[in-house]
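Novice: Sharing a structure below in structure tokens format, with a few things to ask.
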């Protein structure tokens, strides 16, 4: 909304047009806005969650150090999502259908995560929303969204899979392959980030890094000058540049949330945050046609999810034998004696390295 205000004011005050005409300025402003909103609302929300006794449930078979986390306020993801939506409504171009799609993803997956958390933490339902019901909701939405994105993106012929570190290698995709790939990316990312969110600050830093990386790609690919110079396919779809603005909002809010989520965590994001942020990253990767770059930058999430799949598979197929001491894999390292902070920081370092590798693919082609 503010871009329309500044556009009107620029007729009377010289210089204000930068806030409406330059997406780079809006990227900076939305990141600052989302950061400040999250910082401002963080303490009141934590206090409210404490009064409502909406606290973390800790597994009895987990690391003993986690027992101190019991009853730590949860569902802090509402803070992140609210900040992102408010910031986008303030600084986003509201004529962009891609921005509205991302906001819809936040609302839909946020509702699933919120209901799951509500069942577990408020109604004390031990398992929350049943896995099959959760997967069904995610799947229906992801398939419908994938079909919509196919028709939106295909208007400008942007239906090829970009291969990292290659100047001209693209794999064309029809609607079936596109929808299947998008389905697995969106659902897989949503659940992988959810599994990663098990230690203080562990998930939010990789989320911010991946969002920043995808935002950089979105900015390059929707700028004809940069895209041509760096030999990327120019994504000229009207409104697609707002993806970079949305990514900046996620980064700002995520960094501010880390202020409260760092060890010892004062609040956890819960399923309402992790499921939604994972889904959003997957949708963004599909929008900017950088699914493989997303795989590289988000490889930490992939490893966390694979560790759970391997653990479950081994337990069922090998008569109760496990590969890891506990899954997801971050708990395995805890049970090996690594302090929680060391696990988290080392995983952050890995995520930073993956982020830099993903950025290197911009120029190393």
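Positions of Cβ are set from backbone N, Cα and C atoms, glycine also.
According to Swiss-Prot, the protein carries these features:
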- 22-42: transmembrane segment (TRANSMEM)
- 74-94: transmembrane segment (TRANSMEM)
- 95-115: transmembrane segment (TRANSMEM)
- 134-154: transmembrane segment (TRANSMEM)
- 168-188: transmembrane segment (TRANSMEM)
- 201-221: transmembrane segment (TRANSMEM)
- 240-260: transmembrane segment (TRANSMEM)
- 267-287: transmembrane segment (TRANSMEM)
- 292-312: transmembrane segment (TRANSMEM)
- 342-362: transmembrane segment (TRANSMEM)
Novice: For the transmembrane segment (168-188), which partner among 95-115, 240-260, 267-287, 292-312 gives the most CB pairs under 8 Å?
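Specialist: Most Cβ pairs under 8 Å with the transmembrane segment (168-188) come from 267-287.
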Novice: Counting only residues 6 or more past its boundaries, what in the same chain has a CB within less than 8 Å of a CB in the transmembrane segment (240-260)?
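Specialist: Hits for the transmembrane segment (240-260): 23, 26-28, 30-39, 42-43, 46, 76, 79-80, 83-84, 87-88, 91-93, 96, 98-99, 102, 201, 204-205, 207-208, 211-212, 214-216, 218-219, 222-223, 266-267, 269, 277, 280, 284, 287-288.
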Novice: Would you call the transmembrane segment (74-94) and the transmembrane segment (134-154) in contact, using three or more Cβ pairs under 8 Å, pairs 6 or more apart in sequence?
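Specialist: Taking Cβ pairs at least 6 residues apart, the transmembrane segment (134-154) and the transmembrane segment (74-94) are not in contact, as fewer than 3 fall under 8 Å.
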Novice: Quick one: do the transmembrane segment (134-154) and the transmembrane segment (267-287) reach 3+ CB pairs under 8 Å, ignoring pairs fewer than 6 apart in sequence?
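Specialist: Answer yes: the transmembrane segment (134-154) meets the transmembrane segment (267-287) with 3 or more Cβ pairs below 8 Å.
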Novice: So which of 95-115, 267-287, 292-312, 342-362 has the most C-beta pairs under 8 Å when paired with the transmembrane segment (201-221)?
Specialist: 342-362
Novice: Do we see three or more Cβ pairs under 8 Å linking the transmembrane segment (292-312) and the transmembrane segment (95-115), pairs being at least 6 apart in sequence?
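Specialist: The answer is no, given that the two segments have fewer than 3 Cβ pairs within the 8 Å cut-off.
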Novice: How about long-range neighbours of the transmembrane segment (267-287): same chain, 6 or more residues beyond its ends, C-beta under 8 Å?
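Specialist: Those are 42, 45-46, 49, 56, 72-81, 98, 101-102, 105-106, 109-110, 112-114, 116-117, 121, 128, 138, 142, 145-146, 149, 153, 181-182, 185-194, 196-197, 203-204, 207, 210-211, 214, 218, 240, 243, 246-247, 250, 254, 257, 260-261, 293-294, 298, 301, in sequence order.
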